[in-house]
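Engineer: Following this message is one structure expressed as structure tokens.
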Amino acid sequence: MADELDVVDIEGDECDEIVGDLSSAEILQDQYLQSAWRTNSSVLPWTLDSSISDENRQVIESMLLEEQYYFASKKAPKVAWTNEKTKVKKPLVKSSAAQTRWAEEEKELFEKGLAQFGRRWTKIAKLIGTRTVLQVKSYAKQYFKNKPKAEPAAEVTSANVTSVSSIQPHVSALTNAVRIERLSDDEDVDITDDFSDSELQSKKQPERSVSPDCNHHGELRPSLSDALLHLPSESTAADGQADPDFSEDTEIHHSEIDSEAVEESGNPFINLDSPSKHSLTGEEETELADKCESAECLEEEVEDQEEDEEEELRAPEQEVELDLNTITEEEKQAISEFFEGRPSKTPERYLKIRNYILDQWRRSKPKYLNKTSVRPGLKNCGDVNCIGRIHTYLELIGAINFNCDQAIYNRPRLVDRSRLKESKDSLEAYHLAQRLQSMRTRKRRIRDVWGNWCDAKDLEGQTYEHLSAEELAIRREEMKKKGPRPSKLPKQRGSFDPFQLIPCKTFGEERQEPYSVIVCAEALIVMDIHAHVSMGEVIGLLGGTYEEEDKVLKICSAEPCNSLSTGLQCEMDPVSQTQASEVLGVKGLSVVGWYHSHPAFDPNPSLRDIDTQAKYQSYFSRGGAPFIGMIVSPYNPSNSSPQSQSTCLLVQEEPGPSGSHKFPYQFNMQCSAEPPDWSEVMRRAEWVVFKYRLCHGSVPMDRLFRRDSSLTCLEKMLLSIRTVLERLSEVDIETFLVQLESLFNTHFLSETGSSSTHLYETATQPQLLSFLSSEPISSSATEETSDGHDEPNTTGPDKLEQSCVEEEHDETVMQSTSAETV
């Protein structure tokens, strides 16, 4: 019995089925065939005649082997013909097709991975484990190519199923289409060829031919091979009747196979009585293989043409109106980066960018809206690339730049041919998203005859003038006489000097003083001493109180600060700022202003001073507190008086034809008759002396401050301070001035190489202080002279809260100059 055999031969015997009733014609005899040749479709009956000579036998054998290799792509068997009837067990050797055959488990994993990962072949290959990425892609290509063919085949009418199942021998033929026998676990099953056994053909009944799909690889289509593998194993080759336990599903599978075979063969009924009508000769096999290959090539070409046609995107026929409050599904697919849960790219941000671009298009319509024009209004909304992609998407769908000549709808893109063929809307959105990955193709720009850039279309239809060398030279001379072409570089603004001095305006009837300013003598003395000792600008803070009801600002104290040089300007040292603020806070005073010096020019603010003052005012006005600025000019050449010049100012904005401008306004400040705290004044004077005595930018206090004066800088400073203290008692004034002069003579002049003898020589042979001009000292000169401590300054209010460092003090000097001696 066939069901008791130990060998499974499911390749089928093609020659048995094709030959038909050859056994009855006494042409095909088993003793002439060995099992190795039984599966060869190219073996014909006449090749087995024993009367053929050995020489002809070898020629025919070689021809058959070559023909077999060409059509079946199998290794030719090396078994020779013999008249002995030997039953040899067919060795189960894997062919090239068998090596790529997929098991059911692998197919299930492939479908599972396809549903989970899509067309990510690398992940699917990792999921399967036994297949490479190339094998997965190759199988997927056949899978998707045959899938649409298998689905229509399943739609078989019930009438056809009934008519097919009603024929008893037909079921038996299908059950024997593949010989199912018991196998051991370690044996392979080759399902390359599936044909019915020759034992069934002796019944001489008209049946439909069961043939596999044409494939130049020699493999079955997955759906057909699956159907054959699901046939019941109880069927045998010798059994001519249908299995009573045959299920309805199996019949449906059979009908699918038959219907597909009928469609491909074109002849639903084949008479097995005439072998010449249904047997495949070599020419027919060649023709059949050529048809299969040409059909597959044609199908691939059609698919390629379809994909190429899909790449072309037509221009929108009408303008699209988008709802400003909703986001469509097409937008989510095309601009998916904003809908992936990223914290920096949210749907709200996409809506903001899209609506802004749409709004700009409505304003500029019908003028073309480019990407550059929308970027300034979308700051902090993402990188320019994502804004550009949204712009391109809106242009492609016709939401913006509709009917504009500059709009470009067909852009080059990378075609992903492995993508699933989804619905029309999804496919269009996918193509649209692919186009967004490529940048806009720029129009070609060329130079005209004058060398200027222009569009290539502008030069169309022009005739070029061919000039000789002499004419060209004359033309160039004429162009030179006309003058050079204006430069296309952006025009520079008018010369902007940050150190340009701006005269202060005065308050009057049109603009009254916002409050009155009273300055105590203590603050004026400290500012005057600090400004006299340095050739560069010095800087400090002002402390005082503000009476809101009376609108009176009283400046009670001045705290000198260090300065930091940045090459072009100097700023207040944040450490020293913080220290000065804390000292004023301990006294119960608030920071109500700042001061700096103009050593050798007018006490008018520069453009940079105005900007700094405006920043301070903006910072301190948040709490409702006023903030003023003071400028002290000790060595102004235009001032012949020994008294230093000072200005108290405030910056206010005024509207103008080109916008609002900031102008400085000068207060009419009043001096307070309140006596200063002498100990605090001497403390700050000591800080100034020990700070600047070794600085390169310190003023030599023993030199004359003017050519037409006999006063030294120290004497000039003492006279200026005396003028401030003229309302106080003479005793207090003299005591303080003697103490101050002693401090400078002992610790300032001695450290700079001065002595009493030198002072005497200075009086007899005066040396002038080297202030070159009335303009501000340049930054380079300031760095060279003041060692980076005193320069033109600007200070930011944001640095008032940093830490501070105290200067070193000489304890013996502090004791000798204490307030007790005064």
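Note: Cβ is positioned from N, Cα and C throughout, glycine not excepted.
The feature domain 'SANT' is assigned by Swiss-Prot to 97-148, with sequence analysis given as support. The region 'Disordered' annotation in Swiss-Prot covers 189-221, 235-267, 775-822. Feature annotation from Swiss-Prot assigns domain 'SWIRM' to 313-411; the stated evidence is sequence analysis. The feature domain 'MPN' is assigned by Swiss-Prot to 517-651, with sequence analysis given as support. Under the heading motif 'JAMM motif', Swiss-Prot lists 596-609, citing sequence analysis as support. Among the features that Swiss-Prot reports, Zn(2+) binding site is placed at H596, H598, D609, with the record citing sequence analysis. The annotation compositional bias 'Polar residues' is assigned in Swiss-Prot to 813-822.
Situate these features within the shown structure.
Structural biologist: Taken together, the residues of the domain 'SANT' (97-148) have an average pLDDT of 85.
Secondary structure by DSSP for the domain 'SWIRM' (313-411): 49 helix, 0 strand, 50 coil.
Taken residue by residue, the domain 'MPN' (517-651) breaks down under DSSP into 42 helix, 51 strand, 42 coil.
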Engineer: Could you tally the C-beta atoms, other than its own, that fall within 10 angstroms of the C-beta of H598 (Zn(2+) binding site)?
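Structural biologist: The answer is 26.
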Engineer: Radius 10 Å, atoms counted are CB only; among the binding-site residues H596, D609, which position scores highest?
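Structural biologist: Neighbour-count leader: H596.
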